[in-house]
Amino acid sequence: QLFRQEGTCYQQAKQALHAAVPDRLQGREQETGILRQFLREHVLGRRPGSLYVSGAPGTGKTACLNRVLLDCKDELAGSRTVVLNCMALGSPQSVFPALAQHLGLPVATGRERVRSLEKHLTARGPMVLLVLDELDQLESKGQDVLYTLFEWPQLPSSRLVLVGLANALDLTDRSLARLGAHPAGSPQLLHFPPYTKEQLTRILQERLGQVAGDPVLDSAALQFCARKVSAVSGDARKALDICRRAVEVVELEVRGQTLLKPLPGGES
């Protein structure tokens, strides 16, 4: 019985340390606010536009956006939302047929492909919110794919709102310099800095605080983990992974001890 109860606390701890989207993102209140404001202003305000979200892996970009999309689900119900992970596309050009498929358009080929999408996105209809995660994957020779996508919100009577997420901070400077020539050309920028030691500690504490009973991991251990990870990368996923491994180690030790304990009442 003892181990069964203890076992569940370790299971719960490992569950809590998974990199799922939590209800509230620690240390990302400002970024969440900016994302929400952008969507309200552009999608609900029917103003086409683009936002470029940058930051190293594990700094909360995708988690924040997913949280905001969940929170604003009812508000966004009148528009079309398409989320594509560019890592899953075979090539930069594949973004066009993937988008056409999501919008229910017949898949065209070659130049016709881009033209039919352009026609669709400038025709009357609900606003289209296109989220492109891992945007760096769309870099191509001459950057024609990225240019095409970021120029769509600027077309007359466009109804596209584009949000791109990427690890590279300078993707827009490097690849989309031409866009700056348009008066409204450059996308709005939002950068996610690496998490600090304090923010990582709070994230770990909040996650493990969901587990009832005595703390599974010592507070000093959490701070040590947060300090090490913030010094190297500030990647919250890494910090969660390390703590999950630590819980597994403790769990195995406890299991070993429990199996060796004599049963009460002297039974063998």
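Glycine is treated like the rest: Cβ placed from N, Cα and C.
TrEMBL labels come from automatic prediction, so no person has curated them.
As recorded in TrEMBL:
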{"type": "DOMAIN", "residues": "47-166", "note": "domain 'ORC1/DEAH AAA+ ATPase'"}
{"type": "DOMAIN", "residues": "195-253", "note": "domain 'Cdc6/ORC1-like ATPase lid'"}
Across the domain 'Cdc6/ORC1-like ATPase lid' (195-253), average pLDDT on the 0 to 100 scale: 91
DSSP helix/strand/coil residue counts for the domain 'Cdc6/ORC1-like ATPase lid' (195-253): 44 helix, 0 strand, 15 coil
